[in-house]
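Listed in TrEMBL:
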type	residues	note
TRANSMEM	59-81	transmembrane segment
TRANSMEM	93-115	transmembrane segment
TRANSMEM	135-156	transmembrane segment
TRANSMEM	168-187	transmembrane segment
TRANSMEM	193-214	transmembrane segment
TRANSMEM	253-275	transmembrane segment
TRANSMEM	281-306	transmembrane segment
TRANSMEM	318-338	transmembrane segment
TRANSMEM	358-379	transmembrane segment
TRANSMEM	391-412	transmembrane segment
TRANSMEM	418-438	transmembrane segment
Amino acid sequence: MNSENVSVMLGNPKLAIASMTVPILISLVVSQVNTFVDMFWCSTLGDDALAAVGMVSSIYWLIAGIGNGIGIGVSASASFNIGSGNKAAADSIITQAFVFMILVSVIMTPVLLLLNGPLVNLIGGGLVYEEAVAYTTPFMIMTIAIIMQGVFAGILRAEGAAKKSMEMMLSCALFNMVLDPVFVFVFNWGIAGLSYALVVASLLSMIPFIYWYFIKKEMYLKITLNKFRFRSEYIFSFLRVGFPKMVELNIMALFNLLFVHFIVLCGGVAGTALYNTAWRYVALLLIPSQAVAASVVSVCSASYGTNDFQKLRSGYNYALWISILISIAGSALVALMAEPCAALFTHTEDTLYLRDDLVNVIRIFCIFIPFYAWINVASSLLQSLQMSSSSLYSALIRNIVLTAALWISSSMTLYDMWWSLVLCEIFGGFLMGIWAFHGMNLRKSERMTVVSNNV
């Protein structure tokens, strides 16, 4: 039994967050580099392929959002029980999640395949229908790989095993980078090769998890399938946090489908290519705050489990300020380097005409990065406090406002749409941040009331 990670997680919150953030950060950086490599190979297939991937990427994130959301729920719930000293409950939670989500994945696969074509048409992919369907089909067939990857990462983070989570994510990214050119050019599978490479890499990356938990059995928490039966109290435990987070992530992906639709109406295929390519840099700049936020869920959940609100607040404040400072520095650097950043994806004759506009879009998007970092960390605090519904409501309000703003500005120009996006994300940062501050004070007040009543 490896309890070293658990000891760190239950110790100094700043050290715990730092120790978990570094490996998560490394894995996210490599994963993001992998998406850049994907986009590079995709851009060599022409602007239709680039636009197709941009249009249907939200469908992929809808599927991934299920695994990532439930993974966060498992992490928060199991970490809370570890902090409370109830290891048996933590073991049961990860076991129930493992079986439950495999079943969900199997059920979803035929449903997604039946809806594939209609979904592509719904988001305006008719202009590049063949390319879009070719890209979505492989990852719909292997829905289980995409969903379970997020669940496995959540299980590992629940016991503070961020380094092992990093190893799993790194292997996925490295396999994908190797397989991309092989499937696309050697096998001549075109845009479908990018998707096949992704799902094969995801499957291969899960082999270490199976080895750690089922063969070597070296982890602190145990997945026990012998005499398994579903237990509603444990399923509810991880769904209480995981389901609202899953809905939040999927709402963001669904709203992104609307965003893409409005962008197509305003700027056509070129507008979609600009938005999705610039968003690659947004995703890159948000990696530090995402890594910190992932650590906050486990560390602050454990602190909440021990009723140590001073430790919880200390960890959150540290996480918030380090995320914002890194985001400001990173945004400034990318804004200064916007021209070479844009050149990376506009190096062919089919995409060269996008370069000047892409430079401007990248610089505009850099403005809201620190506020989006605030959203990430504050949302994780709410999840650790088992107030995932509050995070969902905040995301819903933010995206409704953003949708209305983009709908109105889509009748104007693309630049009006970009600035509408910036203002709405700034609003979203303040909204989630204030909600998290209120949630922390509310939970502390509730615990003090319970203690007072028991005296």
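The backbone N, Cα and C atoms fix where each Cβ goes, glycine too.
Predicted automatically and left uncurated, TrEMBL annotations should be read as such.
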Top Cβ-contact partner of the transmembrane segment (253-275) among 59-81, 135-156, 281-306, 358-379, 418-438 (pairs under 8 Å): 59-81
Long-range environment of the transmembrane segment (135-156) - Cβ separation under 8 angstroms, sequence gap at least 6: 52-53, 56, 59-60, 63-64, 66-75, 78, 94, 97-98, 101-102, 104-106, 108-109, 112-113, 116, 119-120, 162, 164-165, 168-169, 172, 191-192, 194-196, 198-199, 202-203, 205-206, 209, 213, 221, 223
Candidates 59-81, 168-187, 318-338, 391-412; stretch with most C-beta pairs under 8 Å toward the transmembrane segment (358-379): 318-338
Folded-back contacts onto the transmembrane segment (59-81), same chain, C-beta under 8 angstroms, at least six residues removed: 9, 87, 89-90, 93-94, 97, 101, 104, 108, 112, 119, 123, 136, 139-140, 143, 146-155, 157-159, 221, 237-250, 252-254, 256, 294, 297-299, 301-302, 304-305, 380, 383-384, 386, 388
